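First up is the structure itself, then whatever we jot down about it.
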Amino acid sequence: LLPSLLPSFLPSLLALFASSLAISLVFAIIPLCHNVVVLAVVMAVAGLAMGCIDTISNMQLVKIYQKDSAIFLQALHFFVGFGALLSPLIADPFLSDTNCILSNGTANASSNLPHIRKSLLPHHPGNLSRYDLPMKGMVVTRVSYAFWIMALINLPVPIAVFFLLYKERMVPCFNGSSHPLLSADELALETRPGDKDELSTSAQRPHTAAGHEDLFSCCQSKNFRGASFTYFAVHITGALVLFMTDGIVGEYSGFVYSYAVEEPLAVVHKVAGYLPSLFWGFITLGRLISIPVSYRMKPATMVFINVVGVLITFLLLLIFSSSVVFLFVGTASLGLFLSSTFPSMLAYTEDILQYKGCATTVLVTGAGIGEMVLQLLVGSIIHDRGSYSFLVCGMIFGCLAFTFYALLVFFHRIYPKPSPGKSPSPEP
C-alpha cells in the first residue's frame, strides 16, 4: 500500500518545490526593486509561497505520522522559530545606523536619525519638519547582501525536494534511470508492527484510501454531507484558538519594542531592541523542549498549559507594568508558553477528527489571519489609546483563547466516536 501512495504526494512535493524556489528568487529580486508597487507584488508572491509551504508541510506530517505527528510537528515548528531567530542575526551586520544616501548634508542627517526615530515612536508623532534628512543622492548600503545570503541559504531546500522527486521517479523527464530511495520491502519495514494489520485491511479497501490521494479532497462538498454540528464546531473553535494565540505572537513581537521605549518604562532604545529577539529566542527554546515533552504528554494537556500560562503572564505583566525587569521576564515566559501552541493544537484537533488533514488547512488559515488582523487592530488601538493598551489587548486575547479552548474541549466530549470498521470521516 505504501508504494502505491507515493504518487499521492506528487502535487504536494511539486508545490513545495515551486514555493521554496520562489522564496529564493524573491529574496534575490528584492534588492533590485526600485518601485514600491513592484516590491509589494514581490512580497505578495513570497507570502503566497510561505503560506503554501506552511499548509502543505503541516498537513502531510499529520497524514503520514498520524498519532505520532505531535513530535514531528513540534520539530517542524522548532525550525520555523529557529529561522525567525537566525534571519535577523544574518541581516544585522549589513544594517546601518547612519543615513544610506550620501549628500552634502550627510553628517547632519546622520545625527538627526536618532531624533527622528524617537519622534516616530509615541502614539502622537512629533513635528519632523525641523529635521534634515536628504532623499536624493548616491545610495550607499550593504543591506542587499543580507537578502542575497538568505536566498542562497534557502536554495538547498528546493534542490532537496527536486532530488526527492527524482529519486522517487516523479520527474517525468528523468524517471527512467533513477532508483527509489526505499524499495517496497524497506518501506514496509519502516512502518510500526502494530500498523501491519491496518495496512492489510486498507489494502483490501483500496477505495477508502482514495481520499488521501487528492490534495483537495477535504474541500469537496460530498465530505460534508451528513456531518454533525460538532464536526464543524471542532474546526471553528480550533481555528479561533490559533487565531488568538498566533495573533498574540504577531502583535507582541511587533509592538513590544514600542511599548518598552515609551513611558512609564522608557527603556533605552538599544536595550529595548533585545526584547523581540528574547521573545523569539524563547519561542525557539520552548519548541525544542516540546519535542521530547510531546512524546510523554497529550497535545490537549500541552495546549491547556500554554493558554493558561499566556493568561497568567499577561496578568502579571499588567500588575508589574512599571517594572523593566519583569518585562524581560514576562517576554521570555510568554515566548515559552506560546511556543508549542500551534503544533499541539494541530495534533489535538487532527486526533479528534481522525487525521484526515482537513483541519490542518482550516487551522493554518485561521492562524495566519489572526497574525495579520490582530497586529492591525492593536496598532490602531495603541495609536489612539497609548502604550498601556498593548498589554490590555494581550490580556483580552488570552482570555478569548482560553474560552475557545474550553469550547473545543466541550465539543470534543460530545463528538461522535467512529464505529469499528467504518470510515471516521463524514459519509456522503
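Backbone N, Cα and C atoms are what each Cβ position is placed from, and that goes for glycine too.
No curator has checked TrEMBL annotations; they are predicted automatically.
Per TrEMBL, the features are as follows:
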TRANSMEM  12-30  transmembrane segment
TRANSMEM  69-90  transmembrane segment
TRANSMEM  145-166  transmembrane segment
TRANSMEM  229-249  transmembrane segment
TRANSMEM  271-289  transmembrane segment
TRANSMEM  301-320  transmembrane segment
TRANSMEM  360-382  transmembrane segment
TRANSMEM  388-411  transmembrane segment
*Maximum Cβ pairs under 8 Å to the transmembrane segment (388-411) - stretch from the list 69-90, 229-249, 271-289*: 229-249
*Are there three or more C-beta pairs under 8 angstroms joining the transmembrane segment (145-166) and the transmembrane segment (301-320), sequence spacing 6 or more?*
no
*Counting only residues 6+ away from its ends, which parts of the chain sit with a Cβ under 8 Å from the transmembrane segment (271-289)?*
74, 77-78, 80-82, 84-85, 88, 249, 252-253, 256-257, 260-261, 327-328, 331-340, 343
*Would you kindly list the residues that approach the transmembrane segment (12-30) from elsewhere in its chain, counting only those six or more residues past its ends and only Cβ-Cβ distances under 8 Å?*
39, 42-43, 45-46, 48-50, 52-53, 56-57, 59-60, 147-148, 150-152, 154-155, 157-158, 161-162, 164-165, 170, 215
